[in-house]
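Here is what TrEMBL records for this protein:
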BINDING   A:HIS13, A:HIS15, A:LYS96, A:ASP241  Zn(2+) 1 binding site
BINDING   A:HIS15, A:LEU16, A:ARG17, A:ASN41, A:HIS135, A:HIS245, A:ALA257  substrate binding site
DOMAIN    A:81-295  domain 'Amidohydrolase-related'
MOD_RES   A:LYS96  N6-carboxylysine
There are 2 protein chains.
Amino acid sequence: MTELLLHEPLDMHLHLRDGEMLRTVAPLSAHSFSGALIMPNLIPPITDAESLRAYRQRILEAIGDEIFEPYMTLFFKAEYDLDFLAPLAEEVTAIKLYPAGITTNSEGGVSGFDLETLSPALEAMSKLGIPLCIHGESSGFVMDREKEFVPVYEALADAFPDLAIVMEHITTAESLEALERHPNLFATITLHHLLITLDDVAGGMLQPHLFCKPIAKRPEDREALLRAALEAHPKVMFGSDSAPHPRHTKEAPGCAAGVFTAPIALPVLAELFAQHDKLENLQHFVSNNAQRIYDITPPKKKVRLTDTPMKVPERYGEVVPMFAGEEIGWSIAEVSEE
Amino acid sequence: MTELLLHEPLDMHLHLRDGEMLRTVAPLSAHSFSGALIMPNLIPPITDAESLRAYRQRILEAIGDEIFEPYMTLFFKAEYDLDFLAPLAEEVTAIKLYPAGITTNSEGGVSGFDLETLSPALEAMSKLGIPLCIHGESSGFVMDREKEFVPVYEALADAFPDLAIVMEHITTAESLEALERHPNLFATITLHHLLITLDDVAGGMLQPHLFCKPIAKRPEDREALLRAALEAHPKVMFGSDSAPHPRHTKEAPGCAAGVFTAPIALPVLAELFAQHDKLENLQHFVSNNAQRIYDITPPKKKVRLTDTPMKVPERYGEVVPMFAGEEIGWSIAEVSEE
């Protein structure tokens, strides 16, 4: 038996939703992760101290006794300035910027990337050390959207050199290259983008449970992402972008975008890293890099994983996970507080 | 009111299926088309005279009193030789070649393109004047499959210069370019590939009713196809690839590939050609080119179309058509035998 002990695993891009869905999915992340960066794209989005605190409270209630830190984010607004942000700096781990309309519940996002308009908010964030997380896609052709957004990332990185900018859920080789050119650019990579390409979504039969935004790209993109993760590239962090949707909204025309991976992420990552003989790097990919980039100290939690197969449930509540009903090669043997 | 009179419209790539589905969809094509090239990928596929004749008979029974010629095809087998094909030459309009496993019911297709193996059949077809229709996709990455197949088309066209080869349902600019290099290459283009790109399938929400093989490609591909159709490129014919699947197989994980367009194809084509001020070219795209390329004389049928809007039904039997429930700008005013 092979085993791996992970300390303080972190999911730096997580959708917990709200209400009944929150109560279904939050305990699943809280069980195996020490903390997660919580996305703010609720309806309405989290844009002030009051809703941020209330959401954090609802998350803590949903997870019960689990040791788990919800690292909270605000939904970016150009109106945020130093006066607004300064009193919140301790409670806000990051601010998430969505181009308007680009993904689930992003209608109130940014409609242009005029640096002058964005400047007061981004200067305030630089000063306060609050990283900016971006869903970086243009409104162009679906396979080009991320590539077309790279110049925006680069312009922002140049204009605000003291601002840490996280390119969220990157899917292309071009985004990895941009990381190398700018000291203040970082990235998250999901589990599913390490595993699938567009072929898995639409190359055989159409698979709505693998449909996500950004859409899975080409084999050479997946290879580049996998190399960066396996080598635990110091500017790259794990962020699942685990996005629960009720089954009926996935298995119908107008299928919502998102892959639900939170409960199986750590075992599948362990299996993937073991297959490539890189188990020793997983600790960096799922925790150490994020702790350093975000300057956070998550609560103590040890997760022991072994290469004991497990069958993934068909559903968690109304949500169908990745690998539903299939056997995966690793499982969580034990979770403990240190 | 604008109107257009089409003579003997032809659909040179049509799936009619069998049994109950055949009885549902065949009358819809037979109502507005004068004839169609009938695809042979049943289970089991049509590979001999007996099953070909029996299938033709079932089609004729399904269409009732409509004037409609089902141009029959065989499912390509390397075993076909002159002795086998010569007695069938009058009944077989074309032979359809599928790479093994590339689309619906294609498991018994060709697994390699060894010219020596294929030679007896292709020489016999050349001699008998039977065109070869090919679903030209490699088994590579979904967006590259057609482009990767172009060298196979070109090798076949060079090796069998007397064989008419039809590149079926082309979706890329590269395939159009190959047409120009080989006098014996021709092509069909579907309605949906003139209208949609991958953006329409997976760029917003996922739309299973627009999922098809070959998958819709890039905007510049669609533009190139549209130009060729609107100009009624003399080597290009309309072939709907209308592919009915029961709704429950489209609106579920593992969604089948195919767009059902047969009943709305002529009005939507008229609307499209009218929008581009090319109505006068539609007759060539939907009939004259095919008559010349296949050397066929379809039964007389006049279809009068007008720019009177119509609402597309939500379903035909269990099949959801393209534009289900939406209004389209043109409709069929009258069909008559001359």
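Cβ coordinates come from backbone N, Cα and C, glycine included.
Reported as a whole number, the C-alpha separation between A:ASP241 (Zn(2+) 1 binding site) and A:HIS135 (substrate binding site) equals 11 Å. In three-state terms derived from DSSP, A:LYS96 (Zn(2+) 1 binding site) belongs to an extended strand segment. DSSP gives A:HIS13 (Zn(2+) 1 binding site) a strand state. With a threshold of 8 Å between Cβ atoms, the binding-site residues A:ASN41, A:HIS245, A:ALA257 that neighbour chain B are A:ALA257. Within 8 Å of the centroid defined by the CB atoms of A:HIS13, A:HIS15, A:LYS96, A:ASP241, the record's Zn(2+) 1 site, lie the Cβ atoms of A:LEU14, A:LEU37, A:MET39, A:ASN41, A:CYS133, A:HIS135, A:GLU168, A:HIS169, A:THR188, A:GLY239, A:SER240, A:ALA243, excluding the listed residues themselves. Largest Cα-to-Cα span within the substrate-binding set A:HIS15, A:LEU16, A:ARG17, A:ASN41, A:HIS135, A:HIS245, A:ALA257: 19 Å. For A:LYS96 (Zn(2+) 1 binding site), the same-chain residues lying six or more positions away in sequence with a CB closer than 8 A to its CB are A:MET39, A:PRO40, A:ASN41, A:THR73, A:LEU74, A:PHE75, A:PHE76, A:CYS133, A:ILE134, A:HIS135, A:GLU168.
Within the model, the domain 'Amidohydrolase-related' (A:81-295) shows a mean pLDDT value of 96, rounded to a whole number.
Cα of A:HIS245 (substrate binding site) to Cα of A:HIS15 (Zn(2+) 1 binding site): a distance of 10 Å. When the Cα atoms are compared, A:ALA257 (substrate binding site) and A:HIS15 (Zn(2+) 1 binding site) turn out to be 12 Å apart. Fewest other C-beta atoms within 10 angstroms, among the binding-site residues A:LEU16, A:ALA257, are seen around A:ALA257.
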